[in-house]
């Protein structure tokens, strides 16, 4: 990092991918700090560390959600892993629009600063990540905090849209000779299946929050019934973005897991085409189920019946993916190295979260479970565990390719087990809290919920130790004192891998390929 010009004006996909990883790590640490503050407040009944400032509690909730979704998972998963891997995997010299790639990243730091500054303006933005009116309206949040948070969302949304345009163009037009779409690795497909929902859903969010901005500042009444508006309109627009967003966060992770499971089972992925069409199906179906977040707003009974059925149908392509991963492992010679541990952990935790989600998909049951800790448990199992474990798995899988040095295997496995035994006690008790009726955005609660909350808070402290362990591993791996050079193919996968990143040196040259590779066969698995 000694040459600032190289990093400020870089058009190299590997440099920009590295910047995304660093940014995601910084935002992730901030988001984790906020979550630990939340858990410290909830560790016991009554007012704890926040001294009864319930608005501050909601500001922490809001900042935690935005940081983790828009500034940690999306930049690290799509920006970091996508930028580093996609051009190499398809045999392209770089991304299609290198300078657009640069501005996509550099929109994020000012966006993050806007979000953090919103917490310092008057009483902060305590709206939750949904920013629903009338709570986000000018009467409830009179200062500039919500406006600052909305501006932050606009900037990060532009960044994501530009990035997705870049990925779609790169994958469509810049594949190497012989690299047809049906020969493309599954991670490439997963990024493509993520880029289209980003491109289609984020402009809808932009429209919704722009309406909110004009309601707050220019006296429009899009969300005010007194002027002919309707707050439910905003909910529809936000959720039309919000549900595809969940799949935007998890789909690249499923591509990473497919690579890892194949490599460490010593077998090609079972049902490659089925996996491709499952990812596309998830991307499409994600747009057809948004109102399952809105069963309590007074929807027509037929509408609720449709959204219940459509939500359950999403379980079909998800099941195809999970059974394909299990079939890939079945009968394979499995090596439980750190990436494989995180991949298997991600599959297990994602499955638990998905099964928990089938319950509130029923509109009748959701009346009881809506906005309780059951919903918090469900989406944290899918995201905080499914997506983040996939991120850890992918980082460990490709870290030798990035740094050119191997990571300490024992420490990596310790990181996995500490994190696994941290996140489960954190989020599993939330199912019981939700079933008991504990509502979500509250900093105080009756004594009857104290036991599960204490266990949940204890688990979050263990998770912090796991994150500390992760940074120790990264520091050791990247340090100049680490003399364990990484081979071009550290997992010895030449014979059972068809992906191009193992054919180049570690780390790859500034320009990855001296001459562009030609893909001549679809099956290079040699017995």
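Just so it is clear, glycine is given a Cβ too, placed from its N, Cα and C backbone atoms.
Annotation source Swiss-Prot lists transmembrane segment at 18-38, 59-79, 103-123, 149-169, 186-206, 246-266, 269-289, 312-332, 339-359, 375-395, 414-434, 454-474, citing sequence analysis. Marked as Ca(2+) binding site by Swiss-Prot: 41, 46, 443. Residues or ranges marked as Fe(II)-heme a binding site by Swiss-Prot: 64, 380. Look at Swiss-Prot and you will find 243, 292, 293 tagged as Cu cation binding site. Annotation source Swiss-Prot lists O2 binding site at 247. Here Swiss-Prot flags 370, 371 as Mg(2+) binding site. Positions annotated as heme a3 binding site by Swiss-Prot, on the basis of similarity to another entry: 378.
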Looking only at residues six or more beyond either end of the transmembrane segment (414-434), which have a C-beta under 8 A from one in the stretch? 39, 338, 341-342, 345, 349, 356, 369, 372-378, 380-381, 384-385, 389, 392, 449, 452-453, 455-467, 469-470, 473
For the recorded Cu cation site formed by 243, 292, 293, which further same-chain residues have Cβ atoms within 8 Å of the site's Cβ center? 239, 242, 289, 290, 291, 294, 307, 311
Counting only pairs at least 6 apart in sequence, do the transmembrane segment (246-266) and the transmembrane segment (339-359) share 3+ Cβ pairs under 8 Å? yes
Helix, strand or coil: which one is the residue listed as 'heme a3 binding site' in, per DSSP? helix
For residue 370 (Mg(2+) binding site), which residues of its chain lie six or more apart in sequence with Cβ-Cβ distance below 8 Å? 295, 296, 360
Neighbourhood of residue 293 (Cu cation binding site), C-beta criterion under 8 angstroms, separation at least six: 235, 239, 242, 243
Please report the Cα separation of residue 292 (Cu cation binding site) and residue 64 (Fe(II)-heme a binding site) in Å, rounded to an integer. 23
Nearest-integer angstrom distance between the alpha carbons (Cα) of residue 64 (Fe(II)-heme a binding site) and residue 41 (Ca(2+) binding site): 14
